[in-house]
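Q: Have a look at this one before I ask anything.
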Amino acid sequence: MVTEQSFIMVKPDGVQRGLVGDIIKRYEQRGYTLKGLKLMNVDKSLAEKHYEEHQGKPFFPKLVDFITSGPVCAMVWEGKNIVAAGRTMIGATNPQASAPGTIRGDYGIDMGRNIIHGSDSVESARREIGLWFPEGLAEWTPVAKPWIYE
Ligand code: YYY
Ligand code: MG
């Protein structure tokens, strides 16, 4: 089995609106493994590095202001196909285009308040995990694994 890891972050709007528990519950109950978790304030330099692919775009300054406006809940989740499946659970970038049942489709309206970030490829996940969790991740083997994977 190819096990992937994804960087998933509840943005300041999701933290302020009390959605952290629901979001963790969705990934946990689906069967993914929590490998890292912290609530933290984000400085400008980390926000700019995280979103470096968007530097120069019109929404970039607003995005950096938003991500640094309050604590975020940074997480690493692990499991089979977590990068793509994690994005499917999140929904489209614009919450108004996100299907009901997705996180953005259930809780969001505006693009600049879309609640959650999820890595868009295995390569970005590797980069983002290194950036947000330089201290490393927890090592453990969940006992439920044989009841999740065949
Ligand atoms: O990966 P994802 O978060 O779905 O979207 P990205 O295209 O990477 O954009 C990052 C972030 O920037 C997005 O979650 C909201 C914001 N944003 C925006 O405010 N306006 C846009 N036109 C595009 C993106
Ligand atoms: Mg993105």
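Note that Cβ sites are derived from N, Cα and C of the backbone, with glycine treated the same way.
A TrEMBL annotation is a machine prediction, not a hand-curated record.
Remember, it's a predicted structure, so these values are computed and weren't measured experimentally.
For 3-139, the entry in TrEMBL reads domain 'Nucleoside diphosphate kinase-like'. Under the heading ATP binding site, TrEMBL lists LYS11, PHE59, ARG87, THR93, ARG104, ASN114. Positions annotated as active site, pros-phosphohistidine intermediate by TrEMBL: HIS117.
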Q: My understanding is the cutoff is Cβ-Cβ under 8 Å with a sequence separation of 6 or more in the same chain; which residues meet that for ASN114 (ATP binding site)?
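A: Looking at Cβ-Cβ distances below 8 Å from ASN114 (ATP binding site), excluding near sequence neighbours, one finds LYS11, ASP13, THR93, ASN94, PRO95, ARG104, GLY108.
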Q: Quick check for the class: what is the C-alpha distance, in angstrom and rounded, between ARG87 (ATP binding site) and HIS117 (active site, pros-phosphohistidine intermediate)?
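A: Cα of ARG87 (ATP binding site) to Cα of HIS117 (active site, pros-phosphohistidine intermediate) measures 9 Å after rounding.
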Q: Just give the helix, strand and coil counts over the domain 'Nucleoside diphosphate kinase-like' (3-139), going by DSSP.
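A: Computed counts for the domain 'Nucleoside diphosphate kinase-like' (3-139) are 65 helix, 30 strand, 42 coil.
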Q: Far apart in sequence but close in space: which same-chain residues, 6 or more away, have a Cβ under 8 Å from the residue listed as 'active site, pros-phosphohistidine intermediate'?
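A: For the residue listed as 'active site, pros-phosphohistidine intermediate', the qualifying residues are PHE7, ILE8, MET9, LYS11.
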Q: Does PHE59 (ATP binding site) have same-chain partners at least 6 apart in sequence with Cβ under 8 Å from its own Cβ, and which are they?
A: GLY112
Q: State the mean pLDDT for the domain 'Nucleoside diphosphate kinase-like' (3-139).
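A: Over the domain 'Nucleoside diphosphate kinase-like' (3-139), the predicted model scores a mean pLDDT of 98.
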Q: Using a 10 Å radius around its CB, how many other CB atoms surround LYS11 (ATP binding site)?
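A: Here the count is 23.
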Q: Among LYS11, PHE59, ARG87, THR93, ARG104, ASN114, listed as contacts of ATP, what is the widest Cα spread in Å, to the nearest whole number?
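A: Those residues reach a largest Cα separation of 21 Å.
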Q: Just how many other Cβ atoms lie inside 10 Å of the Cβ on ARG104 (ATP binding site)?
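A: Here the count is 24.
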Q: Given the binding-site residues ARG87, THR93, which one is most crowded in terms of C-beta atoms within 10 angstroms?
A: ARG87
